[in-house]
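Database features (TrEMBL):
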type     : residues : note
DOMAIN   : 59-210   : domain 'Yip1'
TRANSMEM : 70-89    : transmembrane segment
TRANSMEM : 101-122  : transmembrane segment
TRANSMEM : 134-156  : transmembrane segment
TRANSMEM : 162-184  : transmembrane segment
TRANSMEM : 196-215  : transmembrane segment
Amino acid sequence: FAGLADVSISEDIPVEGEITVPVGSHSPDEDFSTLDEPVRDTIMRDLKAVGKKFVHVMYPKKSSALLRDWDLWGPLVLCVSLALMLQGGSADSKEDGGPQFAEVFVIIWFGAVVITLNSKLLGGTISFFQSLCVLGYCVLPLTVAMLVCRLVLLAGSGTVSFIIRLIVVVAMFGWSTLASTAFLADSQPPNRKALVVYPIFLFYFVISWMILTFTPQ
């Protein structure tokens, strides 16, 4: 390069600056990764998170707790538990309950997906999996109703038993519907909330009907 040989830097001019990349101080929390923690701590943290969501469902109020840190572990456990308790209710004693389990499992998850798609098409502001999380966790009251109904049926299947089961199922149906709408209401346009609540009503009504009409073999 012609001319660069004549350029010189005076020794009196100090060269300022550093060539090292400035690194800020890191706290232990910033360096922490879940890959480094023991498996026991990971399981306990996830169980506590699921337990907190169950508490929010049992005491429903307008909150974003279920939406902020969504997961599908709780809904999966509830779905499997409900399907296991509902199986074996066929009038044909030759069946082993497999089709009933698959039927309940498909109804719950397919229904939740349809409601979520309906919510998104109507302009909902929450994500797909957040909606699935809320709808799945709000099956908890109906799972409790199924457990109570199984215990009542052990004592007999007369008129008194049916009345008790009807009261329990209706109460838990209302609880599930109110809990889900409490979490999902704010994510919908004000003029379209009824169009979102109606499918939710039908979703929990079908599950409630399956619980109420369940009769053991």
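Keep in mind that glycine also has a Cβ here, set from the backbone N, Cα and C atoms.
Automatic, uncurated: that is what TrEMBL annotation is.
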Looking at the stretches 70-89, 101-122, 134-156, 162-184, which one shares the most CB pairs under 8 Å with the transmembrane segment (196-215)?
162-184
The transmembrane segment (101-122): which same-chain residues, six or more beyond its ends, come within Cβ distance under 8 Å?
75, 79-80, 82-84, 86-87, 128, 131-132, 135-136, 139, 184, 187-189, 192, 195-196, 199-200, 203, 206-207, 210
Mean pLDDT for the domain 'Yip1' (59-210), as a whole number?
81
